[in-house]
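Notes follow the structure.
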Amino acid sequence: MKPPNLTGVSEFLLLGLSDDPDLQPLFFGLFLSMYLVTVLGNLLIILAVISDSHLHIPMYIFLSNLSLTDVSFSTTTIPKMLVNLQTHSKSITYAGCLTQLTFFSLFAILESLLLTVMAYDRLVAICHPLHYLVIMNPRLCGLLVLVSFSISLLTSLIHYLMVSQLTFCAKVEVPHFFCELSQLLNLSCSDTFINNILIYFIGAILGGVPLSGIIYSYTRIISSILRVSSSDGKYKAFSTCGSHLTVVCLFYGTGLGVYLSSTVSSSHRRGAVASVMYTVVTPMLNPFIYSLRNKDIKSALWRIIIRKA
């Protein structure tokens, strides 16, 4: 069912990263390559977890869900940008814009919550190793993923309803390469005061609470690691969460960078360029971070390659 169009607007124009026609082929090749690497890398992680029974433990179950989220996150924005670059068109339909906005919110929030769940998983594994499989049982793991998805879905639907009730002015040029919530609010002719308050409230809750949970988990983890007497034991304990900590820093670091760049700079295009980091680069790098620093994943991937050969 199509979303109700209360605006009289049939389409939006996504201005993208640059108006220079000479850069369009370069952007197309660059983002197509990055998207293919993202999809292939994350699908290999999922395949490795599914095919190797040794990886059927909570840590890798959560990792496969994160990889699926990364693929979905990139698919929400990049294919439409590639189509527009190839056809030299900037348009996106009203329904397509709302759909893109909804799924972008869904997978961005889901990624944040899954990273928090993975931090809790590492907390239990390092601080309570003898009870790890008892605490992180399949039922709890499934419940954590389901709750994360439900919260993300509910929040994305709130964003959808907020935008679907707005009216827009004649000029509907979005200075971005996808339909981003704050940009759509800026284009609206409606009073968006309540919407902005709601966005900041939701952002504070769904940004602050997961980040606080991650910080608390790693505070406990570091405290537990420091009590280990041997240096080998410390290294082994920290190596199990090093990849996750790197991904957390990359995700929240790039997100914070985008927020600061949009606050400091008045140029919306610069904010769009900065957004490439967390919408495109971060999902692409995650498989490399986990595979290069994880012997179990590398072994599983090699077994898949040898089996196919």
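In case you wondered, yes, glycine gets a Cβ from its N, Cα and C as well.
Quick look at what TrEMBL annotates:
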- 26-50: transmembrane segment (TRANSMEM)
- 41-290: domain 'G-protein coupled receptors family 1 profile' (DOMAIN)
- 57-78: transmembrane segment (TRANSMEM)
- 98-120: transmembrane segment (TRANSMEM)
- 140-162: transmembrane segment (TRANSMEM)
- 197-216: transmembrane segment (TRANSMEM)
- 237-260: transmembrane segment (TRANSMEM)
- 272-292: transmembrane segment (TRANSMEM)
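Within its own chain, the transmembrane segment (140-162) is flanked in space by residues 3, 58, 61-62, 65, 98, 101-103, 105-107, 109-110, 113-114, 117, 120, 181, 195, 198-199, 202, 206, which lie at least six positions past its ends and keep a Cβ under 8 Å from the stretch. Same-chain residues lying 6 or more positions outside the transmembrane segment (272-292) and placing a CB less than 8 Å from one of its CB atoms are 15-17, 31, 34-35, 37-38, 41-42, 44-45, 63, 66-67, 70-71, 73-74, 77-78, 175-178, 180, 243, 246-247, 250-251, 254-255, 257-258, 261-262, 298, 301. Listed stretches 57-78, 98-120, 237-260 were compared with the transmembrane segment (197-216); the greatest number of C-beta pairs under 8 angstroms is found for 98-120.
Here the domain 'G-protein coupled receptors family 1 profile' (41-290) has a mean pLDDT of 88 out of 100.
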